[in-house]
Structures are given as structure tokens and as C-alpha cells.
Amino acid sequence: MELSSPSREEYPMPRGRVGIMAASLMGLLLLHTVSWVSGARPCSPKSFGYSSVVCVCNGTYCDSLDPLTLPDPGTFSRFESTRSGRRMELSLGTIQANRTGTGLLLTLQPDQKFQKVKGFGGAMTDAAALNILALSPAARNLLLKSYFSEEGIEYNIIRVPMASCDFSIRTYTYDDSPDDFQLLNFSLPEEDVKLKIPLIHQALELANRSVSLFASPWTSPTWLKTNGAVNGKGTLKGQAGDLYHKTWARYFVKFLDAYAEHKLRFWAVTAENEPTAGLLTGYPFQCLGFTPEHQRDFIARDLGPILANSTHRDVRLLMLDDQRLLLPRWAQVVLADPEAAKYVHGIAVHWYLDFLAPAKATLGETHRLFPNTMLFASEACVGSKFWEQSVRLGSWDRGMRYSHSIITNLLYHVVGWTDWNLALNPEGGPNWVRNFVDSPIIVDIAKDTFYKQPMFYHLGHFSKFIPEGSQRVGLVASKKSDLDTVALLRPDGSAVAVVLNRSSKDVPLTIKDPAVGFMETVSPGYSIHTYLWRRQ
């Protein structure tokens, strides 16, 4: 069944919270709801029996947002998503000269400045590209608009696997000709030329913002490896500085050359996706093992100099690209060597073992030791652990896990956050080793339909409102609460605050900006809000 734009009766207009008159608790809450205007279209909700809903999209209908505009001076915008089904709904409030509420006070400290943000995005894997391209052109366009356009959540980062990974339907590298040390047979296969590259171009055309690409390899060609296989325990043959290592470093340059021929240039490359994976016996999918010492020497003697002496010398090099549990030691080993450190722009981290690795002891300590080396979250997904269901359509909890991670990362100096697959099928694939996981967008090819999950909107509460160049500033709470909060100043001088409530309790709060006054509001249980206001 094709969906048309829902009528007012089917989906009543959001009513905001003007009805809250508990003056003793909050004062008059001066928020009024903005009706859906111009291009914005409401969510077409569907429940699959989990904690919240997905928004259903097809070739004729998809929910959308208006291009972001700053509220008038003296007012603030509040964008709300809730477990009960609101999705980035806009209401406006008036900034007060005096505080009327008695709940939690969050005070902006604009002089307390921290890291500048690079951005937010996801990965164009083979699996993501296969799913997106299986949609009709109209539905495909709406999916990419949802992620990249002003009517969507305005991603500005795309991760590109260098050749195959587990989210491929076959194993391949860009040069599977044995002992081709000159890389004469290096070539991009159909996965790049017909799947990923056309979709990346379409995304860039739809985006109003500048979009940065970064690439990560999973495995080298097998003839460069000790075990002669794409997976399992194996490293590069020989040692740093030799023919094997130099050939592997030149493979990076060949990749960048090949994409440049397709008019795509990269912001960064990571030295290796999850280098510890290739140190594990029986590792099931593509990997290439490095210890921190091996990565240090490979960067210092091979990858660093070869990139620097190529036409891609401006491409940034990110080390680690693995669990933050490995910090700060991995950074200490690599960055203690000035020959390696001079080539390293940043440290990329994955989220899978975060429950074993407190942010303060890992990210915080690494920033303390290396304040000039940026931290960047390069991969996250839910559903990968053996006890987890791969896909849970409409899970609010999974959305909260994303936003909690993003806020925690921002509070510990991380400059960007990258989701894993941009889109998967209802099984959580395809994946050649059946390592199925969840994704913010699930594509049902048979119905030419895709589902935008709570994870999509949780990410959007950051990506749409925190453009590249925004700077995190202090936001101090008057007392302990159940809220996760973060504040930033945007390049246009306006301020943005994100408030996540993972508890069931409504939390009355006031946001104070010393430059303009007080914003009285409430954070309902199981909700996320983004606040935006001018500071002058």
C-alpha cells in the first residue's frame, strides 16, 4: 500500500506543553507549538511491538524537516523526540529576564571552551549501498535526503571501507593478483564503481553542507599477509620499512588516486580498522593485525611518509580505529615516537567495549596526555553482541544508547561520531559471515519501503544542529539529575544544548544563558530535546 501525506485527522498536530501551568514548580512554561509548515512533513508511525515506533517512508511519502533557521531574538526553538512517538517536533519559547522555575538549573558557561566539532555521519558499506540501490529511484532519493539534505538530519561525514568488510556479499581486495608489488592490477570493482561511488555523489549533491569522507581498510591482499587469508590471525609479512609494508602503504595512495579519478576526495584515512582483530585466532571476517608497536613503526616508516610524499598529503591520518579500552596505552606507544607522531592527526575509537572502559580513564586521560591530537568516534552499532537481537524495529532504548554515547563522547573531547551502516535489511544485513546488526534505517526491499528508527532521530538531534566548527562550552547543573546534557556554540554565534532524559520521570528545568536570560522548560521521561537560541 502506498502512503500519502497523512491528514490532520490521522496525525493530530503536536500540541506542545502550553497546558503546563504548575507555577509553583516551573512558572508559566512559555512554549507554543509550531505547526508543520512549508516542506516539513510529520512521521508516518508504525509499531513493530518494541518500545516506540518507526517512521515509514516510500517513494511517495517520507517525513521531513524544514531547513534550520534561527529563532527570533528573545525566543528559543525546542526540537522534541519522545518514546511516545514525537519526532523532532518544533515548539518555540520566550526567553525570560528572570527565573520563575524551581527545578534543575543548567547554566551556560560560554567562556569555558573545549573542542571544535568535526561532525556526524555513517558508513557507506557494500551492504548499505546494496539496500539503498534496491529501492526505487524516488524512495532512494528520499532516503538520502533524510540523511544529507536540509530537509533531513544533515550528515556531514561518510565512512568508506577500502574494499570488502563483513558487510559485503563476497571477499575481495583491490589487488588480488599474487605478488603484484607494483600494484599494476589495482582496480576498483563494481562494489565501488556501481554501488558506493554513485551513492556518495548523490549524497554530496543533496547536501547543503560540506561532507567529509574517511576511509578504513579491513584487510590487505592475502599475498601480503602471514596467514595468506583475508580473515583469522594474521599480520603483514616482514617488518616495517620492507617491501610488504611499503606496498601496503602505496595501496592507500592507489585507493585515493582511484577515487580522485571519480572526483571524490578524502578528508582522512584510518591506519587500519580494528587492528587488534587480526591478532585473534579464528577471527571470522576481514582483518589485519597490528600491535601498537607495529602500527607505530608502520606509520613512521611507511604509511606516513608515503602519504606525505603523494598528491594526497592533505589527507589526515587517524590511528587506532579500535576500542577505547586500548587507550591511553596505544596512544602512548605510537605518539611517543616523534617520527610516527608527526604524521598522526587524530585517534579514532569504536564503541563496542565502552561498558568496560570508562570515558574519563580512556578518552579523558588520552586528551590530558595528548591535548593536540583529536579524538574521533569512527564506528558504533547496536545488535552486534551475541545476546542481542540484531534488529529491533522501533527500539527507543537503542536510540537512547546512541545519544548517551554521543553526549559522553562530546563531554570527553571527542570531535565527531560516526554510525556504522547507513542502511540494512530487516535481517540486519547482508553480511557474508552473518554478523547481522541494527541500523538507523532499515530497508524492506519487497515493499519498496524504508523505516527510520529512533536511532536516526537521536543522531539527528546532534547532526542537524551542531555543524562543523561548533565548539563545546561549559554547561553546569545546579544539582545531580537523571539528565545527560551538553552545550555548544555554533559558528554563527548561536547556542545549542541537547538534553537527554533516559529515566521515566519528567524533569522541570531552566536553561540560563548569562547573555540573554532564562529558558523555562521540562524534559519529559524518555525524551531527547535540542534547544537553539541566538546569543545577541
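Don't overthink the numbers, they just go from 1 along the chain as shown.
Glycine is treated like the rest: Cβ placed from N, Cα and C.
Feature annotations, courtesy of Swiss-Prot:
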- 1-39: signal peptide (SIGNAL)
- C43-C55: disulfide bond (DISULFID)
- C57-C62: disulfide bond (DISULFID)
- N58: N-linked glycosylation site (CARBOHYD)
- N98: N-linked glycosylation site (CARBOHYD)
- N185: N-linked glycosylation site (CARBOHYD)
- N208: N-linked glycosylation site (CARBOHYD)
- E274: active site, proton donor (ACT_SITE)
- N309: N-linked glycosylation site (CARBOHYD)
- E379: active site, nucleophile (ACT_SITE)
- N501: N-linked glycosylation site (CARBOHYD)
> Using C-alpha atoms, which one of the recorded positions N98, E274, N309 comes nearest to N58 (N-linked glycosylation site)?
Replying inline: E274
>> So if I draw a 10 Å sphere around the Cβ of N98 (N-linked glycosylation site), how many other Cβ atoms end up inside it?
In response: 7
> CA-CA, which of the recorded positions C55, N208, E274, N309 lies nearest N185 (N-linked glycosylation site)?
Replying inline: N309
> Near C55 (disulfide bond), meaning Cα within 10 Å, which of C62, N208, N309, E379, N501 (recorded positions)?
Replying inline: C62
>> Given the recorded positions C43, C57, N98, N208, E274, find the one whose Cα is closest in space to the Cα of N501 (N-linked glycosylation site).
In response: C43
> Cα-Cα separation of C43 (disulfide bond) and C57 (disulfide bond), in Å?
Replying inline: 9
> Between C57 (disulfide bond) and N208 (N-linked glycosylation site), what is the CA-CA distance rounded to a whole number of Å?
Replying inline: 22
> Across all protein chains in the structure, which of the glycosylation sites N58, N185, N208, N309, N501 has the highest Cβ count within 10 Å?
Replying inline: N501
